[in-house]
Amino acid sequence: MSSEGQAFIVFCVGMLALMGIGLNMALALVLTGAGMAWVLDFWDTQLLAQNLVAGVDSFALLAVPFFILAGELMNGGGISRRIIDMAQAWVGHIRGGLGYVAIGAAVMMAAMSGSALADTAALATILLPMMRQQGYPLGTSAGLVASGGIIAPIIPPSMPFVIYGVTTNTSISALFVSGIVPGLIMGAGLIVAWQLVLRDLDLKASQPLPLCERLRATVKAFWALLMPLIIIGGMKSGVFTPTEAAVVAAVYALVIAVFVHREMKLADLHGVLVRAGKTTAVVMFLCAGAQVASYMITLADLPGVLTGWLGPLVESPKLLMAVMMLVLVLIGTALDLTPTILIFAPVMLPIAVKAGIDPVYFGLMFVLNGAIGLITPPVGTVLNVVAGVGRLPLHQVIKGVNPFLVTYTLILALFVLFPQIVTAPVVWLR
Amino acid sequence: MSTPGLSTRLRHLAHWAMALCLAVMSMAVFVNVVLRYGFGDGLPASEELSRLLFVWMVFIGAAAAYPAGEHMAFTSLVGLLRGRALALMTVLIRLLVLLACTLLGAGAWQQVVVGLDSRSVVLAYPVALLPLPALLCAVCIGLCALVELLRRTPLDLGHGAEVE
Amino acid sequence: QDIKPRLIRFGYGLNEQSNQGRAVKFFAEQVEKASGGKMKVRAIGAAALGPDTQMQQALIGGAQEMMVGSTATLVGISREMALWDTPFLFDTAQQADAVLDGPIGQKVMAKVQDKGLVGLVYWENGFRNLTNSKRPVTRMEDLEGIKLRVMQNNVFLDSFKQLGANALPMPFSELFSALETKAVDGQENPYNTILSSKFFEVQKYLSITNHVYSPWIVLVSRKWWDGLSPAEQKVLREAAVASRDFERKDTRDEAGRALVELKAKGMQVNELSPMEAARMRTRLTRVNAGIGVSVGMDLWNETQAELAKLRARK
Ligand code: NA
Ligand code: NA
């Protein structure tokens, strides 16, 4: 057997066996890479260490800690709360209004934050107690909040797009643009799904707030609403690059939190920095380990090997896309978004490109699919967050998320059948 | 371990170092944006410095996350095991951690030695400063795994850090 | 015979279809032919073995056998390499060939030996030229106020600041989108790069300034090289020389075609007159003095004397 074939076997066995037994994922990737290096006749421990560092040593990846930092500051400094308050003032009185509040706030916050977890945590912390108090069914509410939270990585800015762009060498700004319309469609899909769910619920409409109250809530949210304008406007007009947008978001959120809203003190900054640093380190250590494996994946030309096996499938882009999406859905049940990107994007993208699929479209679909994986059982980190914040048993949230999961799956299928929905707006918006 | 509170102090030290790295990184990149947009000027060192600090922050954080059980791992299957099977798997996992750290440590050590003689382009820092945090991280995690192995600490099956 | 079976892992940054990729392939064929098929070169492009700096460290540590890369990234390992960063050092490619292949080029190359690397030959990346979205640069004054991304290297930053541009450091990976959104107005690279990176899509003006000649250098791991027999070393040296001649011709042909294509893509091209180039060179006296100090005055003076001789000859 060729050394490439052996390397492929080592890769599969390494991934399944080492990760399956619960070894630290980053180190499982390192050992898989080491095994592949051995069979490829590329053995040298220096290469393992070098690539571990190289996986982190990238300017674009700095966006990751900056986005996490921005998310912490938004939640700690009252920015997220003001957005939710405003949505509440406008649509809270409608029957099932808190659901619409959750969806609207999720879409707005998605335009400021790059991380599903930060958004979900903020939405869940503020909205779930209100929903509980007004007699909303808790599982469904929690499911809706979780589903809203995963819009964050689709509408720019987005941390997973940054990681995807760096891993596969795809333009991060093009990926950002590609997410705008699909993100809005996700929001619209949730509204429809929520309406359908509402029919079976016993909820009352309440008195709308007087206009002055609504305007007051809007004015209070002024600085928060300015944030997406600054981030997206600044990127479009060339004040800063996508990577730098993340640090601008963090600095803006800090200034608003400390000096305008005065909900944080500079002394709180240490804790915020440490939390952001810890989260970053865990994500990036995985990036580091993945680089060791992906260095060897490239050397063994695994995508080339796989393309050979897929044969006729490569001739039909839509069918190939459907198959790959199905594989990703399965992967997404067990693996979170970041590891999915780091391990599978470098293998799958070259196959897609060979079949003539647009790399930016593929990136959007990949991240969208992976983001949906955050709310599929058994392993769904966003589900865990909602369950944790709402103090609900996980199975109740899993049940509640179902209608929205179906909606998202339909949207995903729609994008497979009609890629133009994704690709056409990219051309207009750039 | 010898003095009570040593690990706590080490953890605090790591946290301070990470916070400092992140704060300086943010400033370096932000000031560069302000200078470029406002004054058509730039900090040549901005990228190099922030990348170096980023690497340090990640490996310090990764080392600190290991004893805290915060690294990502897929523990659903091993969580089903009981008794001897679980004990055996625990030993195997730690041996694998030890193996990975030994390989990484050995490689990083050679790269540190190699890097002593080279300097970075802008700041002219010794290139050894890049593999050094990886070396320290591998040593820390390896030592932790060794201690866990010898003490037969039970496996931590929590979700770890909430990371997407 | 003195030639053993050897596998040579040869890393480079551009893709297989580039001038760099073609030249590596040529080198591989030469080595196999000359060694009777015993020495095999495994060419690995597209920076799959990492960026230049990573490969250099792998070579020094003996984890990889060969690479080709920019001399500018070697400055941190050997100061003398900064000589090639000097703006307006060479007027023509012929001058560059004469100096790089002559005693001065060899002397600079020999300096990396102590650092664990063996330099074989210089290839050509090319003269760097300027593109921007504001105006054609025909005189030094046209650079005024242009936000120009330059390589992250103090010499380039200083030089363009001296010439009046707002020289800005920025990673290459961020460059295209920065040009597109006009976060920066311009950049400088050889034609081949301007074409392959599609800068013509976001840049209107191309000014032929030839302001820096960028060589590439073919390197071998010293740890590995010292274990080779003289016959094996000879195979590599001769194949390297053959690849150099092939690469330079190929690169120059391609640069010519790239220029034609850039014009066809709608770039507005203008040339910098020799007089303006001379004005710019004079303005850079202070920067040049700095380079002289860092590479050593003896080497600097020797180079200037050699160049004066070459210029007088024509
Ligand atoms: Na977002
Ligand atoms: Na999942």
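Heads up, the Cβ atoms here are built off N, Cα and C, so glycines get one too.
What TrEMBL records for B:25-152 is domain 'Tripartite ATP-independent periplasmic transporters DctQ component'.
Counting only same-chain residues 6+ beyond the ends of the transmembrane segment (B:12-33), those with a CB under 8 A from a CB of the stretch are 42-43, 45-47, 49-50, 53-54, 56-57, 60-61, 63-64. Marked as transmembrane segment by TrEMBL: B:12-33 (among others).
Panel annotation: around the transmembrane segment (B:53-74), residues 7, 11, 14-15, 17-18, 21-22, 24-25, 28, 130, 133-134, 136-137, 140-141, 144-145, 156, 158, 160-161, 163 of the same chain, lying at least six beyond its termini, place a Cβ under 8 Å from a Cβ of the stretch. Taken from TrEMBL, the feature transmembrane segment covers B:53-74 (among others).
Same-chain residues lying 6 or more positions outside the transmembrane segment (B:86-109) and placing a CB less than 8 Å from one of its CB atoms are 78, 131-132, 134-135, 138-139, 141-142, 145-146, 148-149, 152, 154-155. The transmembrane segment annotation in TrEMBL covers B:86-109 (among others).
Long-range contacts of the transmembrane segment (B:129-150) within the same chain, counting only residues at least 6 positions beyond its ends with a Cβ under 8 Å from a Cβ of the stretch, are 1, 52, 55-56, 58-60, 62-63, 66-67, 91, 94-95, 97-98, 101-102, 104-105, 108-109, 111-112, 115. Sequence annotations record features per position, and here TrEMBL assigns transmembrane segment to B:129-150 (among others).
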Reported mean pLDDT - the domain 'Tripartite ATP-independent periplasmic transporters DctQ component' (B:25-152): 94
